[in-house]
Every structure is written in structure tokens, then in C-alpha cells.
Amino acid sequence: MNGGDDEDVVVVAASSGDQSPPLQWRFSQVFGERSAGEEVQPVDMISAIEFDHSGDHLATGDRGGRVVLFERSDAKHSSGGRRDLEETDYSVRHPEFCYKTEFQSHDPAFDYLKSLEIEEKINKIRWCQTANGALFLLSTNDKTIKYWKVQDKKIKKICDINADPSGAVGNGIVANGVPEALRLPVVTSHESSPVAKCRRVYPHAHDYHINSISINSDGETFISADDLRINLWNLEISNQSFNIVDVKPEKMEDLSEVITAAEFHPTHCNMLAYSSSKGSIRLIDLRQSALCDSHSKLFEEPDAAGSKSFFTEIIASVSDIKFAKEGRYLLSRDYMTLKLWDINMDSGPVSTFQVHEYLKPKLCDLYENDSIFDKFECCISGNGLRAATGSYSNLFRVFGVSPGSTETATLEASRNPMRRHVPVPSRPSKLGSILGRAGGSESTAGVDGNSSNALDYTTKLLHLAWHPNENLIACAAGNSLYMYCA
Amino acid sequence: MAMVDEPLYPIALLIDELKNDDIQLRLNSIRRLSTIARALGEERTRKELIPFLSENSDDDDEVLLAMAEELGVFIPFVGGIEHAHVLLPPLESLCTVEETSVREKAVDSLCKIGSQMKESDLVDSFVPLVKRLAAGEWFAARVSACGLFHVAYQGCTDVLKTELRSSYGQLCQDDMPMVRRAAASNLGKFATTVESTFLNAEIMTMFDGLTKDEQDSVRLLAVEGCAALGKLLEPQECVARILPVIVNFSQDKSWRVRYMVANQLYELCEAVGPDCTKTDLVPAYVRLLRDNEAEVRIAAAGKVTKFCQLLNPELAIQHILPCVKELSSDSSQHVRSALASVIMGMAPILGKDSTIEHLLPIFLSLLKDEFPDVRLNIISKLDQVNQVIGIDLLSQSLLPAIVELAEDRHWRVRLAIIEYVPLLASQLGIGFFDDKLGALCMQWMQDKVYSIREAAANNLKRLAEEFGSEWAMQHIVPQVLDMVNNPHYLHRMMALRAISLMAPVMGSEITCSKFLPVVVEASKDRVPNIKFNVAKLLQSLIPIVDQSVVDKTIRQCLVDLSEDPDVDVRYFANQALRSIDAAAVAQS
């Protein structure tokens, strides 16, 4: 785990068979689709999406504190059903999901000491190790993390008890209500239904808003990060956590940087990465010391001299980071770009992808209406070849991230994902965004600039997730969950 | 058949409530499982109750935990040892639930039952159970299995033993870190039952694997196993196989592993013997005392006395003492604090001369530490130093430290020092105490924080116990009685509190002559809080003073208070009056 791969800094694709043809994305499913003219209730807005490790389950959280679970339905009944026969003309079967259950994870609360309302909005969901056929997940709002168990419970009917209140005859009860002989109740179970139960609550550890939770590969610990601190928990102990990162300056006036996201390495139990509002990503080693205020590696974009503007620092803020499955590559999203980093190379990102370069002239407007502070998430495919992230007008973009790939796609979260493709000339931008850091911006700015008139800042696609082992993206557009496959 | 001695109806209710919707009722029924079993009789318990419980494993954790516990002592109710195997199925299913505490209890109970079972039954039912769990689909079952091998292994055939060993070896390499952790923490227990030939070969191979695990949490638990394994091995084997591992661990990249080593090292010394301790473990320990990570130094500093006990004084002075000197000015207050809490124990090991030469300077510098916890830790072990170097040498530096702590900004620090005052008093003697500390004790009585005032009152009582009532009459009582006239009602109340605590110590005579008049006077206070506290105080004085005094003085005073305009005063006065009557009844 800590061997030779530290040395080879040169980026080489894992295998030569990577250059798969560009994916043809198509609409797969939608849940909670908005009918024409229907107004979206704020509480129904999806605020978190996460697939479990197997990809058989998907969880979404919303602003109303609810968690909804979906279960993969295609793999289960694959033996000669009518649907299967109908689908035989497809060469590849695509995963399909069905609604499983939902539960109220968080409720609005009030912090009386600080006179602050605590929203019920689910900020993050993370799946834990499955055990005994039950599903386990962590969900968090701004302040409190909860550990949930969801299990199919049989609905039980109990009969044949000793003291029958109805006094039915022939039940072994004599007239005065005293049983002749003792009998054990008989339990008959009928159909089962999923039941969610809160197993643990991890409260009162964060002074600021929790932005991330992440589970360690050791299966027993997890971290929670807020603006200034990262805490380490044991899943089984809810009344104590250890502070491992604290960036709070002595005087709050000196505050210049906050933590925006944090994630454990997928296999190395001692490594975790966190990103900051200044655009840097730090890798820390829990083995080094108990309080990891000094990072072991720092990933930053080398300063492009002379190009600074008022917005430079704001748009540099990293809104999300994700490790690729093997843990060597790390994906990060800031306001304008998606970046791929090799954790063995801290001189700069391996590649940079422009997400919506045409917004560059509009930063002033975006600042005025606060859109510039939107936190877009990003996700990477299970094979590490592609990554996706969201934009405005319910658009999201998919990039081929393997070396040499020029694949890009722009999709709209709707039943017809390619609808906007013709009017929005995103195709020419492919080349530009891939060649990225170099001359790309000139070639795209002009073309894309035309289309941005139609841009709708209120419909933004912030949350999305990539299925761990299929080409399937689930993304949230308002209150609707759209899935696309390729 | 059901025994008819016990009334059936309550039992029937208990049985029904095993499936009640109310968890408290289910819990209650499970707690009385033995009653149910007795009523059903052994045969029906075996054939009906136990199978019924086996299907109950999806209940709430509290119920399952109670069930796991009850079943561990259920052998008598199923008809004795020869039927013990019927208890295994319900416990087996409890071994697979995901709640750790339930599984642990179920494993405990299975071990209890298994260790009583006959060998043939063990082979027929217990060993297959362990094998099933070890091959379980979900990690929870495999985790539980790890804790059962040491029971299953004894009394097995050789073929089965081989199978069990290889099965344990697989658990040590399980995909799930949870399982490897369980395997690591149970390895020592399992090893005690394994024959020494296999110990050297197979168990040690498993151990080596665990010590190289990629998960820190597994390696941590492997460290814990070092000492247990080391004690099982022949000394030379131990030196050859355990020692290098310990030395490696003491330089592990993970501070948590080094922390564990620091905590365990003195136990490991016993395992490897004095020679290797000298050559290998002392350097390892010295490294830990100088570790980069404060947490490791805290652990190491906390064990410094225990470690030195294993060494001869020369080695301790030569190798450990220089580190201790460094630690006494460590940058982390917690390291200094850990050191301060144990350093006194080194005095007897080093002897008087070395203590004065080497330890005293360290000791004095810790006593002047800027961090109150460090100073407190030193003072709390004062008796140990006193035995070695005597109080005279100390008193000069001790007193400023105490005075400073007594006036510390943090009330918890003040509270802590108050609690040591009786100890100090006994060590320092009356003379020293009168001069320096007497005033402090009265000062605390007027502290701004209630807990401090309360502790101060208690302290006065303990001083009265320590030095006797005559001394108290001279040095405490006048000041306390003075306080009754304090303009602040809280201070007047504190005086009453001190009186109520001291009265039993001072005895009837002083109570009647000194305390009672003051108390009666206080009953005319204008603050109701004072008055009802007088009522409470008078009630507490009843058993101390003579009946005549009660009748003459106390009762009259209470009667007056019972007509007070304030409802609380009347309430407590009436309560006290009732207890006078009750005492009178009890006497007659």
C-alpha cells in the first residue's frame, strides 16, 4: 500500500485499452418528474445523491430532511421474464432502479444557546458496510450526523396468546380468565417491508456547518468536516469524537480560508484529502500525528501571473472532491472547472476541463445574484475513465479524463437529454475544453457566449453521482431525479 | 409438564408479553425468562421456549442483549449439562446481529456454556457452530466466531483441531477489517489453548501476518497481543519472534501504533526478560519518551514509574532520568501533566539520595508549572514524596504553589486543591497548617462559586475530624460563628451549612453551647431562605443533642417558624416537627 507507486510520477494510463469510443448517453429513468406548470416546493429539492458500493442502491436526501432509497430492479428478476424478452434487442442491459422506501432523517431544530435555526436539509449521505442483509447509511444536516439501518422487516401477527382479551372459547381459557395450560404465542409472518431505524446520533461536535462526511476503509471510523474543523468518529461511539484538523485562526478576523470538502482515501486508512475555499487540496496522513494541522501534500494550481481579478479567488474555491476508485486520482470541482489530480504529482492538475467557459464574461452578474457561490458536485466513473459535473439550465457535462481522450458531452436533465445540443454549440468546445489550459478559451468563448442568453441561473444541477460499475449517472434537477445511461 | 406450585396467570402474562408491542414489557419478560422456564418445565423449555426464542433475533437491541445474557445461565432450566446444546441455536443467531454489544454478550454466554459442555457434545454441536459462524456470509458472524475458538479447540480431535486452526488462519486474512480486528484481539486467548508445536508455527505465522496488516486498526490490536503471546512462548522463542516485532512497532509509521506500544511496553518487558529489556526495550522506550507525537509521549510518560520498577536504579538513572528531565519541560502541558501524576512513584525506586539529587529539581519545576493540572497532580501524590524526602525540604516551594492554586481563576482547580487540603494537613502537621493554610480555608467559605463554598464547608468538617474538636474550637468555630452575621445572606447560609456538617463531629456539648444559640438567632433572619435552612438544620441536630434540649429549645424555635408567613419556611419547620415526634415515638 505504500510501495513503489509513489515514485512513478509520469502519468500513464492504467491499460492501453482505455480509448473506448465516446459514450452515447440516453435517458433511462426519472423519479419525481415535475409536471408542466407544477411549482417545486423548496422542501422537495434534492440536496444529496449517493450510490452504495455495490451500485444496487441509490439514496437521495432533500431539503425537507427526507432520505429516499432506490433499489436496482433489473438484476433481480432476470430470468426469462417478459420484459427481458422485450429487451433482448439491446446488446447491453442497463441498470434500472425502483423506489424502495423513504424516511424522515432530520427535522428542523433550534439551537437555543445560539438562537439559530438548524435546517433539516440533508447535506450528505454516505453508505456504510452492509451487514446481515440490512443497509446502513450515514446522513447529515448542518449539525448532526445520524446512522441509519434499513432492513426488510416482516410484518408479524401474533396469535394464540394465553390471556385472550376477547375471551374467545376454545382458546384454552376457562371462564375466570385463568389459562388451563401455558402456551407460547405463535408468530406468523406475512409480507415484509423495509423499515428504517436510527441506530446512532452523533451530535454537538460542530460549531460550523457540516459540509462532508466520509467513511474510512477500516469500516469502523468516519470523519465529518465543517468550515473550520474535521472530526474523527468511531461508528459505534456517538458521544465522543477527535478533532484531527483545525484551521480556525486565533482571531476570526485573520480567517482567510475555510474547508469546503473532505474525503478519505478509498483504500489507505491513514490518508484523507480536504479542499479549501482558496482552491487548494491538502492530503494528510493520520499516522503522522494526532492533530494533522500540517499536510503531507498540497495540491494547488500554479498561479497564472497577471490574470487576477476580483473574482479569481471566489471562483477558485473547491466545491467538491472525489477520489477515483483506486485512490490514485482525485477529482475536484471549482466554479468554472473540473480538475483531475494525480496524488503522486503535486505540481499541478493532470488535466483541467472547462465546465462553462461562456460564463466568464458574466461573473459580475453571477456575483450579484450570489450564483457564484453555488457548490457544484462532481463524480467519476467506476473505471476512472470519465467524470461528470453539473452546470446551469439543468445541464451537466461528461468528460473523458483518461490521457488523450477528447470525449465530452453536454446533457440536459430532462427526458430528452440531447434536446439542447443543436442550438447550443457545445461540440466545437470539445476540443477547446480538452486542450484546456492552453488556447482553448479563445475558440470556445465566442461560440458558447451566444447560447448563454438562454441560461437559467435558478435551475442548476448541483448534485449528481456515477454508478460504481456501470455507465449510469443519477442527477438531481430540482425535486426530480434523472438517470442517464450509456 | 407445568408445575402447579406457581400461579399460572402471572406466568401466562409474562409469556404473552414476550411479544408485546411495548419494549419495556418484553424486556421485563426476558429478564424473567428463568421464571417462565421453571413454570414450563425442562422439557417444554427445551422443545418450545428455546426454539421460540431462536426466532426472536430481530427484536430491539436491548431485548436481544438481555436475552443473550439470560441464556448464558440457562443450563439448569433445560435439564442440565447433557441438554446444554439446545441453548446454542438462539445464541448462534444472536452472534450474527450487527449490534456489537449483543454479539459480545452472546459470545460470552456461548463461552460460558461451551466450557461446561462434555467433550463429545462440544464436538457434536459447539465445534460445528463455530465453523458455521466462521464461514458466515456476513462479517458479523465471522467476528463472533473469533471469540469462540478457544473454547471449541479444547477437547477436539486432532483432525478438528487442524481444521479449526486453518479456519482461524483464514479469519486473520479476511477481506473485512472488522474480522481481522476480532481475530487479532482474540489471538492471544486462542493461543493459550493451542499446543506449543503449533504455537511456534501456525499461530506465530498468523501473528506475523496481522502485524503487517495494512489497516492501522488491526496492527494496533496485534500490539496488544504481543504481551499475551510472549508469555506463552519459551523465553528464547519470545526473544527471537516477539522482540523484533515490538521493536519494529515502536518505530511504526503510525503514531497510534507507537502509542499502543508505549502503553504496553512494561508488560512486554516481563515477557522478554531482564536481559533483552536492557539491550532492546530500554532504547525503544527512550525513543518513545522522545517521540514526535505528544500523544505517544503522554502514554510513555504515564508509564515511566512502572517501567523503572522493572529496571535497576542505575539503568533508570542512566537512561530514563534524562528523558524525564526533558519531559518535565515538554511543550505539551498534557505530557507534563501525565509525568506529574506518576513521577512521585519514582522516588522509592531511586532512593533518597538520587531522589534529592535528580528528582527534586524536576519535582520543583513541575510544582511551578504554569498549567494548574500539572501542579495539582504533584500535590495529589504528596504523601509519596513526603515519605522519601520529608516535608521540610518541600514546604518552601510547596506553599506558594498551593496558595496560587487556591486562588486559581478556574473554580475546578480551586475545587481540586480543596479536596487535597485534609491530605496536606495530615502531612504537614498542625503547626505548619495553622500558619499558612487556615486563612485559605476560611477564604474559600466566601468563594463566588457555590461548589467551592460547599467543598469548603466539607473541608472544615474533615479538618475537625483530622485535628480534633479542641483544635476546631480554637481555629474554626469562632470564624464560622462570625460569618452568621455576614451582611450577605449566602454567606450566612454557608455558616449554617458548616455548622450542620460540623455538629456531628463536635459533639453534643459544643453543639448545645456554641452552635444552637447562633442557630436560634438565625431563625429570626429576614431572609426566608435562611429560615427554612434553619429548620432543616434543626432537624439534623435532633439526633445529636439531648431530648431535653430538643423539647426546650429546638421545638419552640420550630413552632415559631411553622407560623412564618413564607410557605417554604412553614413546610420545612413542620417537617422537622414531625421528625421530632417520630423520634419520640421510636424511643418510647
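A Cβ is built for glycine as well, from the same backbone N, Cα and C atoms used for every other residue.
Annotated features, as they stand in TrEMBL:
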- B:10-48: repeat 'HEAT' (REPEAT)
- B:87-125: repeat 'HEAT' (REPEAT)
- B:164-202: repeat 'HEAT' (REPEAT)
- B:242-280: repeat 'HEAT' (REPEAT)
- B:281-319: repeat 'HEAT' (REPEAT)
- B:320-358: repeat 'HEAT' (REPEAT)
- B:359-397: repeat 'HEAT' (REPEAT)
- B:398-436: repeat 'HEAT' (REPEAT)
- B:437-475: repeat 'HEAT' (REPEAT)
- B:476-514: repeat 'HEAT' (REPEAT)
- B:515-553: repeat 'HEAT' (REPEAT)
Intrachain neighbours beyond the repeat 'HEAT' (B:398-436), with Cβ under 8 angstroms and 6 or more residues off its ends:
367-368, 372-373, 375-376, 378-380, 382-383, 386, 391, 443-444, 447, 449, 451-452, 455-456, 459, 462-463, 466-467, 471, 475
May I ask for the residues of the chain that lie six or more residues beyond the repeat 'HEAT' (B:320-358) and have a Cβ under 8 Å from a Cβ within it?
282, 285-286, 289-290, 294, 297-299, 301-309, 311, 313, 365-366, 369, 371, 373-375, 377-378, 380-382, 384-385, 387-389, 393
Segment confidence, the repeat 'HEAT' (B:164-202), expressed as mean pLDDT:
94
Beyond the flanks of the repeat 'HEAT' (B:437-475) by 6 or more, those residues with Cβ under 8 Å of it:
402-403, 406, 411, 414-415, 418-419, 421-422, 424-426, 428, 430, 483, 486, 490-491, 494-495, 497-498, 501-502, 505-507, 510, 514
Using a Cβ cut-off of under 8 Å, list the residues of the same chain at least 6 residues beyond the repeat 'HEAT' (B:164-202) that approach it.
127, 130-131, 134-135, 139, 142-147, 149-150, 152-154, 156, 209-210, 213, 215, 217-218, 221-222, 224-225, 228-229, 232-234, 237, 241
Let me spell it out: take the repeat 'HEAT' (B:515-553), skip the flanking residues so only those 6+ beyond its ends count, and list any with a Cβ under 8 Å from a Cβ in it.
481, 484, 489, 492-493, 496-497, 499-500, 502-504, 506-508, 560-561, 564, 566, 568-569, 571-573, 575-576, 579-580, 583-584, 587
Outside the repeat 'HEAT' (B:476-514), six or more residues from its ends: residues with CB under 8 Å to it:
441-442, 445-446, 453-454, 456-458, 460-461, 463-465, 469, 521-522, 525, 527, 529-530, 533-534, 536-537, 540-541, 544-546, 549
Which residues, given as numbers and ranges, are at least 6 beyond the ends of the repeat 'HEAT' (B:359-397) yet have a Cβ under 8 Å from it?
324-325, 328-329, 333, 336-337, 339-341, 343-348, 350, 352, 404-405, 408, 410, 413, 416-417, 420, 423-424, 427-429, 432
I need to check the long-range neighbours of the repeat 'HEAT' (B:10-48): which residues 6 or more away from its ends have a CB within less than 8 Å of a CB in the stretch?
1-3, 56, 59-60, 62-63, 66-67, 70-71, 73-74, 77-79, 83, 86
So, by DSSP, how many helix, strand and coil residues make up the repeat 'HEAT' (B:398-436)?
34 helix, 0 strand, 5 coil
Over the span of the repeat 'HEAT' (B:164-202), count residues by DSSP class, listing helix, strand and coil in order.
32 helix, 0 strand, 7 coil
Using DSSP, how many residues in the repeat 'HEAT' (B:476-514) fall into helix, strand and coil?
32 helix, 0 strand, 7 coil
